[in-house]
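Copied over from TrEMBL, here are the features:
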- 75-107: repeat 'ANK' (REPEAT)
- 307-329: transmembrane segment (TRANSMEM)
- 349-369: transmembrane segment (TRANSMEM)
- 417-436: transmembrane segment (TRANSMEM)
- 418-572: domain 'Ion transport' (DOMAIN)
- 457-479: transmembrane segment (TRANSMEM)
- 537-560: transmembrane segment (TRANSMEM)
Amino acid sequence: VDGLDGLLPFLLSHKKRLTDEEFRELSTGKTCLPKALLNLNGGRNDTIPLLLDIAEKTGNMREFINAPFRDVYYRGQTALHIAIERRCKHYVELLVEKGADVHAQARGRFFQPKDEGGYFYFGELPLSLAACTNQPHIVHYLTENAHKQADLRRQDSRGNTVLHALVAIADNTRENTKFVTKMYDLLLIKCAKLFPDTNLEALLNNDGLSPLMMAAKTGKIGMFQHIIRREVKDEDARHLSRKFRDWAYGPVYSSLYDLSSLDTCGEEVSVLEILVYNSKIENRHEMLAVEPINELLRDKWRKFGAVSFYISVVSYLCAMVIFTLVAYYRPLEGTPPFPYTTTPDYLRLAGEIVTLFTGVLFFFTNVSADGGVFLPGEPAPTLPPCLSPSPAPFTSLLPFPAYWRVATVPSFPLPKISSFMVFALVLGWMNTLYFTRGLKLTGTYSIMIQKILFKDLFRFLLVYVLFMIGYASALVSLLNPCPSAESCHGDRSNCTAPAYPSCRDSKTFSTFLLDLFKLTIGMGDLEMIENAKYPGVFVILLVTYIILTFVLLLNMLIALMGETVGQVSKESKKIWKLQWATTILDIERSFPVFVRKAFRSGEMVTVGKSLDGAPDRRWCFRVDEVNWSHWNQNLGIINEDPGKSDTYQYYGFSHTVGRLRRGEGAAGARSLPGGKRKRVFIR
């Protein structure tokens, strides 16, 4: 500090300021204030108050405090960011008192997510940095100080709020999840009290994701489970709860889960659809097992999924049987189009029409569902589920319309028509593997086949083809060239030109590849050895080929397939659960929106009062739970009588009459003024 005694007179005499370029670091553009904050001793640096005093006397206090880093790596970082990162509340208070920008954004490459080449993404803003580094005392100060309060609703360049930032840093570990969820609730409740008209959790980022959707898409199961099961005990923030206790009796209680954003019936982006379709994370099956997601899927399956799925199975099998009969009884001679004169011909015509209709229908249904551009929230196909059997790759159904298109061209050769038809039959019957997911016992077989084909068999074929080409090139070059037909000279009637395997010609290479394949599976012969230039070398090459392919590669393939089957078997329940969930949503998305709403799971419940005093009505899903470690702790109970109340039918729907009450000593759900009871309809 003593060494800076002459700094102020020097600056005043030369009309200079601490923010001038000569006092900045060339590479980063940072001033001496960030340098001082980066070099603390016991959390203190006595030069910091002196530098601030000098800046105030030179007339550029705010510019000095808010001078950002200008390099690509740390661009936008200010002294306030550094003070928060160093966990120095006294310097944070000092900087804010002197005019620090509490909304400065650090956008440098260092502050980007790891998958984009960064190191620590915290949401750019000072408040987000304090929250992501678990400093609630600084969070309270930034949002409640008397100088300049940080706006909890502020969004960064990605559109993320502080809640999004907390979801981004969650890593599913116990320690991390504990502090992140605690900080999340603190900020959510604080925002509700400071800005009653704003629900911080409902703000979307630039990708159109709320914190809940972001947690679902990124696989943050700890945050995801905490958000959808949140019970707020604070009476003034009870409306932020997503889980409500309808009734309790001992360890048994009935919970109502708020389905907003979870299941939207096609009206907007659904968290359930994000989990099933858009999420590429490995723990997706674990997130689908979280309540109420698990019971919600079961309810959908009971209401419409099972019936629609089995109707789809029967419809698809009928279509394939008809197509098979049409192909079996097709005319084998003549040129299309074939005449229809007899009764069997007219039956075949009816089968062709049905096959054409179902082929085109399946084709366009699968294009709309699997075209690669369908996102949650977009309109779903409006075809009945019984006519939309699966989201399996629509290429398996391509031959249906293709076959009938070429069949109507009279000049099209009959053999080519048959080739389209036989591929259509094979791929069509193979597509029935999709329906194995309807049963848990067979649901993983199609997954095993796909994994073996695209993982193990693909790698085997890649190496095997390289071996075949290499050995075929070498072995063919050892065969003697075939003499031309001109060697017969005059008498060509009794002259036969030699051909493979006695010699090699222009077609020998492709034929030799087939022979090597036969040799690999034990069906080949060694006739060509006698005509090789160097039989010894020829035999050595063949022996090494057999060892590498038949002994090594084939046994490696068998071992890899066994390992794949073992892995899939261990995860069979998880894989089937994901298949099952996908099937349910596929069927639901095939319904029009009004049909979805008719089959919607849940019930409309009055869970309390909103901030304006009106009844807080939400669409909730009921889950009956048992917890032997936490008994009735006088939480918010909506109905004082446990169990189901009397029900009656109203416009085709079952409504339950419940009572809304307010416990005198309990942090119960909000009720009507004066503790009056009100009869509410629960759908």
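Glycine residues also receive a Cβ, built from the backbone N, Cα and C atoms like all the rest.
Below 8 angstroms of C-beta separation, residues 456-457, 459-460, 463-464, 467-468, 471, 474-475, 478, 516, 519-522, 526, 528-529 of the same chain, each at least six residues beyond the ends of the transmembrane segment (537-560), sit close to that stretch. Among residues of the same chain six or more beyond the repeat 'ANK' (75-107), those with a C-beta under 8 A of the stretch's C-beta atoms are 33-34, 37-38, 40, 43, 48-49, 52, 56, 61-62, 65-69, 124-127, 129-130, 133, 135, 137-138, 141-142, 145, 147-151, 154, 156-157. For the repeat 'ANK' (75-107), the model's pLDDT averages out at 93.
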